[in-house]
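This report concerns only the one structure given below.
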Amino acid sequence: MTLPIHFPRCVLYGMASAVWSILFLHILVGDTMSAADALSWSGGLIHSPAHRVNVMRSHHHEMGKELEQQHGGEEQQMQRDTKPAAFSNPPHLATGRGPSFVHADGQLDVSCFPHDKNIGSRTTEVAVVQVSSVQDCMKQCQSRPTCSHFTYNKNSKKCHLKDGAPVFYTYTGDMTGPRSCEHTCTDNCWMHSGNPLGTFQYSGHAPAFCWAACKGTAGCVMYTFQGGVCKLYSKNSVERA
């Protein structure tokens with residue numbers, strides 16, 4: 001004959017309290033903590049306080065890993081969204097490394113100088129090469145550290161690479177361009193004092209030619225371009241505006 005088991009009322013209250021604690025923890029932390037973990041944590045009936053601490057540490061560690069992975073994914077997406085679409089390979093023109101501005105179709109930007117005005121340059125040549133286009137001539141200039149500008153003749157397909165300040169003149173079929181069309185300085189960029197290293201009249205030409213003149217002049221670190229007048233200065237004769 002089996003006798004019924006009777007628990008003291010205090011024991012029944014304790015068991016009910018433990019069950020409610022388990023349910024409360026599971027609802028509070030949602031899916032991030034399983035019912036088994038909640039039971040282990042609240043397990044005053046089963047585990048020690050030290051075990052409960054370890055369970056909570058493990059739970060927080062897993063949550064931290066999830067947040068870190070989420071943040072890393074957002075950062076990578078931001079980098080993809082902000083990547084330039086129109087240009088690539090930022091140039092390092094002062095040292096002769098890298099390309100000029102490149103269009104999305106892979107062609108160099110040669111829009112800063114006229115192609116049909118028969119404009120040549122008398123500046124000393126460092127080399128003459130045979131190429132098929134004005135873009136190829138610009139590439140040849142950029143491949144040589146001392147090249148400041150070039151003259152391309154569309155009839156002869158000859159590319160004349162120059163290493164000094166442009167000295168313009170008229171010659172049939174010629175087009176003269178700077179090392180890069182990137183340099184688009186506006187007027188009043190810099191203030192100056194003292195005497196300039198050189199002064200050039202570049203009225204009607206792009207400011208990039210003033211940059212080319214500075215690159216081709218020893219000691220030049222800065223230039224001004226105002227009203228078509230290009231002035232070159234050394235580091236001892238310029239100060240930031």
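A Cβ is built for glycine as well, from the same backbone N, Cα and C atoms used for every other residue.
From the candidate list S121, S132, S133, S203, the residue Swiss-Prot records in the carbohydrate site shared with K162, Y169, D174 is S121.
For C181, the disulfide partner named by Swiss-Prot from the candidate list C10, C112 is C112. Per Swiss-Prot, the residue from C137, C147 that shares a disulphide bond with C141 is C147. Noted from Swiss-Prot: C220 is disulfide-bonded to C214, selected from C210, C214. Close to the recorded carbohydrate site, the chain also has I119, G120, R122, T123, T151, H160, P166, V167, F168, Y171, T176: residues not among S121, K162, Y169, D174 whose Cβ is within 8 Å of the site's Cβ mean position. DSSP assigns C137 (disulfide bond) to a helix in the three-state reduction.
Broken down with DSSP, the domain 'PAN 1' (112-181) shows 9 helix, 27 strand, 34 coil. When other Cβ atoms within 10 Å of the Cβ of C181 (disulfide bond) are tallied across all protein chains shown, the result is 18.
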